[in-house]
Each structure stands twice: as structure tokens, then as C-alpha cells.
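The block underneath contains the structure these notes are about, expressed in C-alpha cells.
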Amino acid sequence: MLSRIFGTESEGAPGDGHEQIVLCHDRHSGLKAVIAIHSTALGPALGGTRFYPYASEEEAVQDALNLSRGMSYKNALAGLDHGGGKAVIIGDPNEIKTEALLRAYGRFVQSLHGRYITACDVGTYVADMDVIARECDWVTGRSPEQGGAGDSSVLTAYGVFQGMRASAQHRWGAPTLRGRRVGVAGVGKVGHHLVQHLVEDGATVLITDLNEASIARVRAAHPQVEVVADADALIRADLDVYAPCALGGALDDTTVPALTASVVCGAANNQLAHPGVEKDLADRGILYAPDYVVNAGGVIQVADEINGFSFERARTKASKIFDTTLEIFALATSDGVPPAVAADRLAERRMSEVGRLRTILLPDSHRG
Ligand SMILES: NC(=O)c1ccc[n+]([C@@H]2O[C@H](COP(=O)([O-])OP(=O)(O)OC[C@H]3O[C@@H](n4cnc5c(N)ncnc54)[C@H](O)[C@@H]3O)[C@@H](O)[C@H]2O)c1
């Protein structure tokens, strides 16, 4: 087992202010992984493990750095006492994922003594977390049978719905989607739960998905939902709200000018394809609820697992996404900036203020 550790603040290794980057290699199982801790200012870094066939180690490191930084912002605005971290395992999970590899990975996470707490992400599942937990105390997203919170998409969808209610309040003066036309692009784990909330709230729902089985599941539960050919057609359909719930990069130079909706609020990570799209949305008068704010229900759910999971407690915390989203819109208005910029400002403020307090109040042994 070989790990190389860079402390970026002290040694000047690559990484945009990250506290720690750990390169993990286990020859026996073939594990190659990167654990990136962006910040422990608010507490131990929390973020998932992505298992993906990166083209190179450099690409994997870059992804871990970007994702871990994003988790610092997400956790800060979710009101969690957690900093941001993320890990990536290099390789195709369908080909190389074994018990030995996951357990070797668990030993690396354990070696950080709780500075980094892991969870599921693309390519890793609840069952994998149960295996990692056999070597490691710092794992969330485990199965309910193992004391875990299980599938995080339940509260992710609930949080997105809260963000959408806040968007409706800001745009139309009432916290409801009743009578609105909402287009959900991607009805997988999160999207299909979101459709349920929207239907119960009285919205007219339009959906699209590449996967026929995903569409069939939604149609079986809600026959009144309208199916649209693809995401491109959904964007151009007559909508009040567009909810990207598939992959990142949904909002770009082609889709933003074509949007009919005046609110965008969805679960997908990294919806803005490049910097500047947030301004294009604002210039068109489209209210954008920042992705990492409204999709934080999942991390709120798994964070709750650390002290013994309570679904009700986690759901109460996820309800606060409504207030946080409204706060961001208000800050955006008062500062004259798009909501995405206001969200970053609010997150940085919390990290800086609470982080400073923790530095003063906590001895070294209790930090991160
Ligand atoms: N699951 C969570 O708790 C969670 C938490 C935070 C953020 N997210 C983000 O939310 C998004 C959805 O996550 P999920 O867990 O539901 O994933 P998922 O894989 O279960 O669902 C995604 C769905 O989108 C569909 N899809 C993919 N490309 C599409 C396209 N071009 N057009 C239409 N449909 C397409 C897929 O067929 C699939 O049904 C992802 O971006 C994810 O990163 C998820």
C-alpha cells in the first residue's frame, strides 16, 4: 500500500488552496485513487467517491480537486459542520471493482483518521459503501441494514423541490408549483422522486429521458405526465420551470437562448457549462436556483448518518434549502449579481466566519 500526501498550503503542490491531496496505490488489488481534501474549515471533509475510467492520472487529480472544492461550497450552504472533500478511483468499475480493491480503498480513507468521510457518487453504490465500511469508520451512504441512510436521492429530490418552491415564491409570489408547467430532464433516481413531489403539488409535468425503463416507471405511477422526445425538445416546450436532472452542462450557449421557462431549478451537478452562463440567464430574466444549493439534500441525508441516522431529522434539515434559496435570491438582488455568484459569496462568508471561530475555539486535535 503506497500513499503520497501533498499538503498544498505548506508545500505548494498543485491544487487551488486545497489542504491535502492523497495519491493511493495498492499493487495487490490494482487500486489507484486520489483523495482530495479542499477544506476542513467547517469540520471533517465530506464528499463521495467517484469510480470512473479517467484517461490519465492527471485528469483524475483535476477532477478530484474540482469536485472537492465544490463540496466545500455545497456543505457550507447546507449548514453542515463539514468541509469539502472528494475521492476518485481510477478505472472502469464494471471491470476492476472487487472486494479487495474497495477494502484497500477503505484502508486509505481510514488512514486519514476522519479528516475525510466518504459516500457514494458516480460508479459507487450503497453496497460498495458497506464493503468499504468493513475497513473504515468514516463511511456514509451505507445500507439501512448496516445503520446507514441508504439511497440519498430521496432527500436530494425533496431538497430540489424545496428550492423550486422558493423559486416560485420569488418569481410568482407563492411557494407552490400548482398550475405551473414543469419540465424534468432525466427521471432517474432523483428525477422520478421529484416528479412525485410536483404532481402532489398540482404541477403539470413534462418529462424526457434516454432510458425507456425510467420513463415507463414514471408513466406507470403518473399516467398524466407528458413525455417529450428529448432534452432539446423539452427546453423549447412551453414551460414555466426547467429542471435539469440528468448530466452536467445542461445550460450552455445553445440551450439558454432557447429556454422558454423563466425558472431553472434541478438536481444535476455543474449545470452551467462555463463561466458567464449565469449572466446570460440573468440577462434573459431567467431565475436560476444554483445547482449545488438545491441538490444538497443528499449530502444532508448522508451527513446525518454519522451520529446515527434519523430520516425525520435529515428531512427537517433539508427543508431549510427553501430558506437558503430565498436568502440567495435576496442577496443576488441586493448585490446586483446573478444568484450563482450570490451563492458563492454566502458560502465563502460562512467558511470564513465559522472557520475563523473554530480556529480560535478548538485545539488542534479537535479540528477537521
Ligand atoms: N443521487 C443523488 O443523491 C444526487 C445528489 C446530488 C446531485 N445529483 C445529480 O443529479 C443528477 C441525477 O442523478 P441521479 O442519481 O438521478 O442519476 P441517475 O443516473 O439515476 O438518473 C439520471 C437519468 O438521466 C437520464 N439521462 C442521461 N442523459 C440524458 C439526456 N441527455 N437526456 C435525457 N435524459 C438523460 C438517464 O437515462 C437517467 O435515467 C446527476 O447530475 C447527479 O450528479 C444526484
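Don't overthink the numbers, they just go from 1 along the chain as shown.
Here the Cβ of each residue, glycine as well, is placed from N, Cα and C on the backbone.
Keep in mind that TrEMBL annotations are predicted by a computer and have not been checked by a curator.
According to TrEMBL, the protein has these features:
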- Lys86: active site, proton donor/acceptor (ACT_SITE)
- Gly186, Val187, Gly188, Lys189, Val190, Gly191: NAD(+) binding site (BINDING)
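Comparing CA positions across the binding-site residues Gly186, Val187, Gly188, Val190, Gly191, the one lying closest to Lys86 (active site, proton donor/acceptor) turns out to be Val190. Same-chain neighbours of the NAD(+) site beyond Gly186, Val187, Gly188, Lys189, Val190, Gly191, judged by a C-beta within 8 angstroms of the site's C-beta center, are, in sequence order, Ser153, Val184, His192, His193, Leu194, Asp209, Ser214, Cys245, Ala246, Ala267. In the three-state DSSP reading, the residue listed as 'active site, proton donor/acceptor' counts as strand.
Under a cutoff of 8 A between CB atoms, and with a sequence separation of 6+ in the same chain, the neighbours of Lys189 (NAD(+) binding site) are Asp151, Ser153. When secondary structure is read from DSSP and collapsed to three states, Gly191 (NAD(+) binding site) falls in the helix class. Shown in sequence order, Val195, Ile207, Thr208, Asp209, Ser214, Ile215, Arg217, Val218, Cys245 are the residues of the chain, 6+ apart in sequence, with a C-beta less than 8 angstroms from the C-beta of Val187 (NAD(+) binding site).
Within the group of binding-site residues (Gly188, Gly191), the Cβ with the highest number of other Cβ atoms inside 10 Å belongs to Gly191.
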